[in-house]
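Sharing a structure with you now.
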Amino acid sequence: MEPAVEGDAEMLGASDSELAATMGFSGFGKKARTFDLEAMFEQTRRTAVERSRKVLEAREKEKEVQAEKEFGSPCTDSPASASSAAGAVSTLTQRETACRESEDSSDEELTGPFVQSQTSAQGPAEDTDGDDEDDEFIGPPLPPGFKDSDDDNDDDTEEEDSNPVKKIPDSHEITLQHGTKTVSALGLDPSGARLITGGYDYDVKFWDFAGMDASLQAFRSLQPCECHQIKSLQYSSTGDVILVVSGNSQAKVLDRDGFPVMECIKGDQYIVDMTNTKGHTAMLNSGCWHPKIKEEFLTCSNDGTVRTWDVNNEKKHKSVFKPRSVQGKRVIPTTCTYSRDGRLIAAGCQDGSIQIWDRNMSVHTKFHCRQAHAPGTDTSCLTFSYDGIVLASRGGDDTLKIWDIRQFKKPLNSAERLPSFFPMTDCCFSPDDKILVTGTSVKKGGGSGKLFFFYRETFQKLYEIEVTDASVVRCLWHPKLNQIMVGTGNGLAKVYYDPVKSQRGAKLCVVKTKRKERQAETLTQDYIITPHALPMFREPRQRSTRKQLEKDRLDPMKSHKPEPPVAGPGRGGRVGTHGGTLSSYIVKNIALDKTDDSNPREAILRHAKEAEENPYWVAPAYAKTQPKTVFAEVEPEDDETDKPEWKKRKI
């Protein structure tokens, strides 16, 4: 029986080794290592008790040394303190023994050091140290003059609140070259990744901050409205489409890459009542997106209407608002906008009035001010504050005013002597709603266009920036980027930013170096792709044009520089520039013959002696019939003065 058992064991051992080799790991069948957790916990507890005892003794010694230094003599209480320390240590030892006995008697093990022993050991020290040890810092002492970063941030915040000028990000700037004509439209998507500019040169350019390098080049340029000046550009609230308002009567919607999405329909210009037409019939002036509804936008036109549209319905407008003068006559709206919540629609008109409607009620105005600006001037911009209470208006009468729409008869504040020569001069609020920004226009050679910053509450001029030697037309302060975009009258788009206060935007492209211009990758020879050809007829595929060009440069035949054209007569077997054929070369040499044949008689008589001595062509033919040459006698010319007019030769 025993040999059979041994044989089974050997078979099991052999199968285990074979299984381990098959599975690819060693140690198969061995017993896992075990750990005694109780012994580990006991060791941890003893270590903790020992450390606490050493800390207590060290503290007692420090106190004795300090007491001796203070009183200059051994302290009388030192024996007491020593006895108390000894008592504490003895108490600690007794409790440790009791703990060990209780642990031996109990079934459950204590996981970790005994908390009560540490508390009792530290108790006397805490009593003697007093309340100062509660505020003691953990770690090394702070260096002199150290200030916490939170304290610095608090100080900076308080300083910015007291001085709003420090919130203006103008320490750095970059310049984007749009063209040579006025930049009349600016737009930034909600995330601040892309900027679009439009101008009087009919171009719309796309700028990607993340994709640009330090050369600051636009990645796309197009003319969406052909030969019409761009009046307004704006991204929708989601940033996926762009509204383009130009000098024609049809607004366009483009996607992020500039491809058309929809175009508004043109109305019937022979209908008097503009309510019955499906679209605008005259030049557009302005437009903007609804702040909440991403498919709706607003336009105003010289036909005297303000219309709302739906992107999904290009055949007809959604609703029509018709501004009216005091006499009830039609007036032309020059600018329009939504309120921040999208419930109100405001329009500035040529008679100087500002009229505001409820978006759902298009007949009567909800608020209006008849004498907001000078009559006959173009109100170039209306914008609501972020809190939705205050409306700012930029007038063609060189003023900037803010209004409380709840008390719309009189402006809250007004600033004058701010020249404006363009019908789209902007104004905008800062992200914190405390500063109002606008630009000024200048005549050619009349100074520099400036950007003015006004405090909203008092309308005190806080700051000004000299932008360039041309008018400042558009300005935009993006709330996420905290950067200011400016469009000027000489084709520039400037971006002002601060490396600390601003986010992304222009900071992304200024740190990138200019890319090296790559050689034009062109095919060196025609390549026909034949995927199903036999291997013997298959041409090797050109993997990279750049590598092929590098190989060609190493080939002396392909890298041979063409010979320059031959100037003057040919040389070295090469013909001059007048032609490459032999006939052209002969004609050229004949033309270079410098013999003077101006007198034909002398040219013929030059050969007379040779012809007389050796006649070959003419004389032998007349040898029998006319052996002696007879020449005609020269007759004097008839005087035609005596002849009648009808007999005279007509020249």
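Just so you know, glycine gets a Cβ as well, placed from its N, Cα and C.
Just so you know, TrEMBL annotations are computer predictions that nobody has curated.
These came from TrEMBL, pasted as-is:
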type	residues	note
COMPBIAS	78-90	compositional bias 'Low complexity'
COMPBIAS	126-137	compositional bias 'Acidic residues'
COMPBIAS	149-162	compositional bias 'Acidic residues'
COMPBIAS	569-579	compositional bias 'Gly residues'
REGION	45-176	region 'Disordered'
REGION	539-580	region 'Disordered'
REGION	628-651	region 'Disordered'
REPEAT	176-208	repeat 'WD'
REPEAT	277-319	repeat 'WD'
REPEAT	338-358	repeat 'WD'
REPEAT	382-406	repeat 'WD'
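If you look at the structure here, what lies around each of the features I listed?
Helix, strand and coil content of the repeat 'WD' (176-208), in residues and according to DSSP, is 0 helix, 19 strand, 14 coil.
Using a Cβ-Cβ cut-off under 8 Å and counting only residues 6 or more beyond its ends in the same chain, the repeat 'WD' (277-319) has close neighbours at 231-232, 234-238, 240-241, 243, 245-251, 253, 261-269, 271, 330-342, 345, 347, 359, 362, 423-424.
Beyond its flanks by at least six residues, the repeat 'WD' (338-358) meets 288-293, 298, 300, 306, 308, 321, 323, 325, 331-332, 364-382, 384-388, 391, 393, 395, 397, 403, 405, 408 of its own chain at Cβ-Cβ distances under 8 Å.
Mean per-residue pLDDT, taken over the repeat 'WD' (382-406), amounts to 91.
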What residues in the same chain, six or more past the boundaries of the repeat 'WD' (176-208), come closer than 8 Å to it by Cβ-Cβ distance?
216, 218-235, 237-239, 242, 244-246, 256-258, 422, 424, 471, 473-476, 478, 480-481, 483, 485, 487-495, 503-505
Across the repeat 'WD' (382-406), what are the DSSP residue counts per state (helix, strand, coil)?
0 helix, 13 strand, 12 coil
